[in-house]
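**Student:** Swiss-Prot lists these features:
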- Asn200: N-linked glycosylation site (CARBOHYD)
- Asn331: N-linked glycosylation site (CARBOHYD)
- Asn384: N-linked glycosylation site (CARBOHYD)
- Asn462: N-linked glycosylation site (CARBOHYD)
- Asn652: N-linked glycosylation site (CARBOHYD)
- Asn883: N-linked glycosylation site (CARBOHYD)
- Asn1197: N-linked glycosylation site (CARBOHYD)
- Asn1207: N-linked glycosylation site (CARBOHYD)
- 1-15: signal peptide (SIGNAL)
- 16-1227: topological domain 'Extracellular' (TOPO_DOM)
- 1249-1286: topological domain 'Cytoplasmic' (TOPO_DOM)
- 1228-1248: transmembrane segment (TRANSMEM)
Amino acid sequence: MKLLLLNILLLCCLADKLNEFSADIDYYDLGIMSRGKNAGSWYHSYTHQYDVFYYLAMQPWRHFVWTTCETTKGNKECYKYIINEDHNLNAQQLNNIKNLDKQDFCQKEYAYPIEKYEVDWDNVPVDEQQIESVDINGKTCFKYAAKRPLAYVYLNTKMTYATKTEAYDVCRMDFIGGRSITFRSFNNENKDFIDQYNTNTTSKCIIDVHKNNVNTHLAIILGITDSTVIKSLQEKLSVLSQLTTVDGVTIYYLKGDSYATDNIKLKDLKYETLVKYTAGQGQVDPLVNIAKNDLFKMISDKKIKRGTMVVLMDNALGSEFNAETEFDRKNISVHTVVLNRNKDSKITYSALKLVSLGPHYHEFTSNSEVSTTIDELFKGIRANLTERCDRDKCSGFCDAMNRCTCPMCCENDCFYTSCDVETGSCIPWPKAKPKAKKECPATCVGLYECKDLEGCVVTKYNASCEPKVKCMVPYCDDDNNLKEVCKQKANCEADQKPSSDGYCWSYTCDETTGFCKKYKHGNLCTGKTTNCQEYVCDSEQRCTVQEKVCVKTSPYIEMSCYVAKCNLNTGMCENRLSCDTYSSCGGDSTGSVCKCDASTGNQCKCNKVENGNYCDSSKHEICDYTGDKPKCIVSECTEDLVRDGCLIKRCNKTSKTTYWENVDCSNTKIEFAQDGKSETMCKPYYSATCLNGQCVVQAVGDVSNVGCGYCSMGTDNVITYHDDCDSRKSQCGNFNGKCQPNGDNSYSCVFEKDKTSSKSDNDICAECSSLTCPADTTYRTYTYDSKTGTCKATVKPTPSCSVCEKGKFVEKCKDQKLERKVTLEDGKEYQYNIPKDCVNEQCIPRTYVDCLANDDNFGEIYKFYLPCQAYVTATYHYSSLFNLTSYKLHLPQSEEFMKEADKEAYCTYEITTRECKTCSLTETKEKVEEIDLCAEETKNGGVPFKCKNNNCIIDPNFDCQPIECKIQEIVITEKDGIKTTTCKDTGKTTCDTNNKRIEDARKAFIEGKEGIEQVECASTVCQNDNSCPIIADVEKCNQNTEVDYGCKAMTGECDGTTYLCKFVQLTDDPSLDSEHFRTKSGVELNNACLKYKCVESKGSDGKITHKWEIDTERSNIDPKPRNPCETATCDQTTGETIYTKKTCTVSEEFPTITPNQGRCFYCQCSYLDGSSVLTMYGETDKEYYDLDACGNCRVWNQTDRTQQLNNHTECILAGEINNVGAIAAATTVAVVVVAVVVALIVVSIGLFKTYQLVSSAMKNAITTTNENAEYVGADNEATNAATYNG
């Protein structure tokens, strides 16, 4: 049992992604177990420190399966540990399970991998006091951040990374995306239960482990050159020689400007062999492509079944791979081993693109991790060489670990099922004798068969039994008499609940249509007196009233303290504590007064809460909120009496039901100006209505356009009509308004076009339209409406990446190309083009380009290299800032990418030598051709040459072998008729050709160019008297701190074409320069706020020097705040500006306000001048705020505004003092709020309905500030309650 992972483990069918589970087992897996619909309890043993799932009500999926191997006295034995609660054995038989033939305990068909979830300690507070506590099922649990796919995990123990322990239970898991799994109560489990459970349900099953059965070829790319780890790697890679199905190994490594390969036997994969290969520095992309092609050819030729590639690398790749299309579909498995000392995300990102499965990726940072990393590599390769999935036979799908899996969790209404790993389909379980969930006996009607999702259905009717229409069904008086003649009856069920018309109906079969139709009904359903009653139909279609029956739901099923009750207010069933008959009725406390947890000994107990006011339903008490204060009253009704705006709930004592009364506003007087027009014109537009419990006069229509004018209500509540048509101008066209009579004796203000105007509707409307490019009639057409003086527009979709120029939409990206030039081997410039595409409304260079394509863009280059394209490496360079995720999600690229995208899109071409053949200029130096270097040597000197390891050497079978690379020729002399053969020095060497090659290459590179740095880094070296290859010495290309090349720096690489050291131009990136010059200029590399530029100068002696200066235009040295209510600083890590909101507290800025008064206000920064202003809270979902006449804050329950949530404070006025002057003197809306509140506090009196004025002013202030894009609203009651708790 100790193998059940000490980390947080969970199995949940719904949590799986399709490709994340398998129905097979092998000893390379972490572990696997079965699943069911219903997650069970979690048990954690403190004594043995292991986790156990205990499944409840899960048939037959109550199984754990995990595998392991043990070596005893030199014998390796692999077995499965199985927990199986549905088997045919007794406890005694479990001890002898190996020797039992007929047993269904050790089944493998129902096995799925467990999932491992972990706490994200990096995001857990180090201070235990900061860890949030949560009540879950009556238990106090603690919230911890968790790694994907979880968002949070809740444990019953409070701990930090420093104090973490294994002694915890899991309460709940929250998944990213919103799904949660809550674990059931498990207070009664103990060690005895666990021991008994293990004894009866757990056993060890011996298995035959799947042997490796896939023959493969191993391609190893040596791309790690770090001297501190290379020896350990070479020693540890010998472990791969234990792979039993590998038929050969090919080593690939960079060598100079080219590469080298060598084929070795698997047994020679050891340190003594690998030490012979010295890998060059650089990106291994070309080697990956070459190895991929080599392996794919072996697969195509049926020499191997699968290719295996191991990529050792310590540099980011120069290009991006698609693992699925480039490797998986070609049956090649790629495994990466990455040395990433500084955890560079760019290296990780590019290396991950090579693999399609997490276990195939291995990253380490130091020499101490080499052994563990290569062991994991070995396990990953070995697991992948066992094939249990044939794509031609698997009806499910082959997952990433090459196993046939079922497309979903197996569920069937008729049989217990499992996943058949051979076919990937769900089959009855177990195979030998399937267990049926439902039996379907034969009757006189016919033969029945159980079908998934349907149940028992007739598969074959007996004679005269098949129904004539859908609504008839055959039956027999005696089901056991299979010879009885069938009878037919209507298959129409009567109502169990009343229909929508309020009656209970029975139904009969309409033999014409085949559908059921209404037949008879009983009495009308009446008599419900509470929400917890419901209407039910009996067999005689009589409607009766019954009390609702509630049933406990998960996770409360096993909790004895909880019962299912109907809520009288809502009519909904709830899981509530059995002793809880209390409901809140005002007061300071709104929580429950009852508990059932460890503090009450897991018994249901209720205690009065201080300052709480609760009504007891067992005493027929309800809460009456309709008076001045909420109070409990004994009532015949069961619902609380509340006020809701203009409605008041009352109790009918006779019927024992509640009803609503409306506030009557029919007698409210509406006043009009006595001018003979106002009442006639405006009366239809105003009426009296109830608002916030008061009768007010409100407009009920659009009063801004009444007849030829408008209506308005003055401060004296008198309504007046204003005729202003003649002074109006149309919104579009600026036409004069004219009052015209309508056919119904009414009048309208119209705006006819000037008869003298020759402008069309499109011309008129384009001038007042807010659309982009309004005058482009291809995409915008208009119609002028004289009744409103406005225009209606018809808009067509505009082209992508278009802008408005001279009134027309112009497609900016259409047919755009970047013109590029490149100088090729003949010294001529060739032009090529890189097309640009519109992607997500951005015009960017095409993301993929074939730089050797035979098309209009690269045609000239294609023709030039056509004779020998096999030796040309064409690379498309693209900006490293390109975000592939944004591209796939149809999101725009960053501004930084757009700035450099065009500049960073170009092609490079490089000629390489393979097997002593290369691409070279012809004698005319106008074309290139394929040449065999060894054939040239033979032709020129008459001495036979052969190719070995990409170098030309004199044929080993030639009689006159060279001495110290000096070429000798055969001389035949004759004396006395006897011929004598001797060797004579020719004065030539095997180095001559390569020496000339170096000389010509440097000459061609330097010719016609000035100011080129020339540091030679390659020469010929005589090897074994015969071979004379070009050897690069990269040490010469390491930047010397004493040498200043100006704004250029050595890259540490030797150019394989020119045999000179490569230089990089220094412009704005000091990280490319040596530390000596960075320190000399005071460069801060870790400060992203500072950007630099390289400045070059020339001394009187002609010597060029350089230094780094801060580029003030690009640097973010002194960021500015966007408004007066924030400060701005630069983040030195990202270089981004950080804006911090200015904060203020009510108690500090307004010390004269008491806590009770301050409960309604929060302190806010003014966007006008940055000063602090007092602002009243707006309404929230839970709370509503106002002030009494003394300025005291009143917080009301939003759903019941008669219920005050804070302490009530009596207001006693000394007298009425008019405070209008203080308000009138205020200059801004925000200051009005301050003036009103301060006046209330200092004078200790209030204005009538002052809180309405304050609230209105506050809302206006927020409306104004919302126009500022950087405005962020407060958290309403949360912020204020934290400051004032009085």
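Quick reminder: no glycine exception, Cβ is built from N, Cα and C everywhere.
These figures come from a predicted structure and were not determined experimentally.
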**Student:** For Asn1207 (N-linked glycosylation site), which of the three DSSP-derived states applies: helix, strand, or coil?
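**Tutor:** For Asn1207 (N-linked glycosylation site) - judged by DSSP and reduced to three states - the answer is coil.
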**Student:** Have a look at the glycosylation sites (Asn331, Asn652, Asn1197, Asn1207) and report the one with the fewest Cβ neighbours inside 10 Å.
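**Tutor:** Candidates: the glycosylation sites Asn331, Asn652, Asn1197, Asn1207. Fewest Cβ atoms within 10 Å: Asn652.
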**Student:** Looking only at the topological domain 'Cytoplasmic' (1249-1286), what is the model's average confidence as pLDDT?
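**Tutor:** Averaging the confidence scores along the topological domain 'Cytoplasmic' (1249-1286) gives 28.
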**Student:** If I restrict to non-local contacts, at least six residues apart, and a C-beta distance under 8 angstroms, what lies near Asn462 (N-linked glycosylation site) in its own chain?
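**Tutor:** Non-local contacts for Asn462 (N-linked glycosylation site): Cys444, Val445, Gly446, Cys486.
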**Student:** Nearest to Asn652 (N-linked glycosylation site) in three-dimensional space, by Cα, is which of the glycosylation sites Asn331, Asn384, Asn883?
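**Tutor:** That would be Asn883, nearest by Cα distance.
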**Student:** Just the number: how many Å between the Cα atoms of Asn1207 (N-linked glycosylation site) and Asn1197 (N-linked glycosylation site)?
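**Tutor:** A Cα-Cα distance of 13 Å.
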**Student:** Can you tell me how far the Cα of Asn331 (N-linked glycosylation site) sits from the Cα of Asn1197 (N-linked glycosylation site), in Å?
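**Tutor:** Each residue's Cα considered, Asn331 (N-linked glycosylation site) and Asn1197 (N-linked glycosylation site) end up 67 Å apart.
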**Student:** Counting Cβ neighbours within 10 Å across all chains shown, tell me which of the glycosylation sites Asn384, Asn883 comes out on top.
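**Tutor:** The largest 10 Å Cβ neighbour count belongs to Asn384.
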**Student:** Taking the Cα atoms as reference points, how far is Asn384 (N-linked glycosylation site) from Asn883 (N-linked glycosylation site) in Å?
**Tutor:** 32
**Student:** Sorry to bug you, but what's the C-alpha spacing from Asn1197 (N-linked glycosylation site) to Asn883 (N-linked glycosylation site), rounded to the closest Å?
**Tutor:** 50
**Student:** For Asn883 (N-linked glycosylation site), what is the secondary structure by DSSP, using just helix, strand and coil?
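**Tutor:** DSSP assigns Asn883 (N-linked glycosylation site) to coil.
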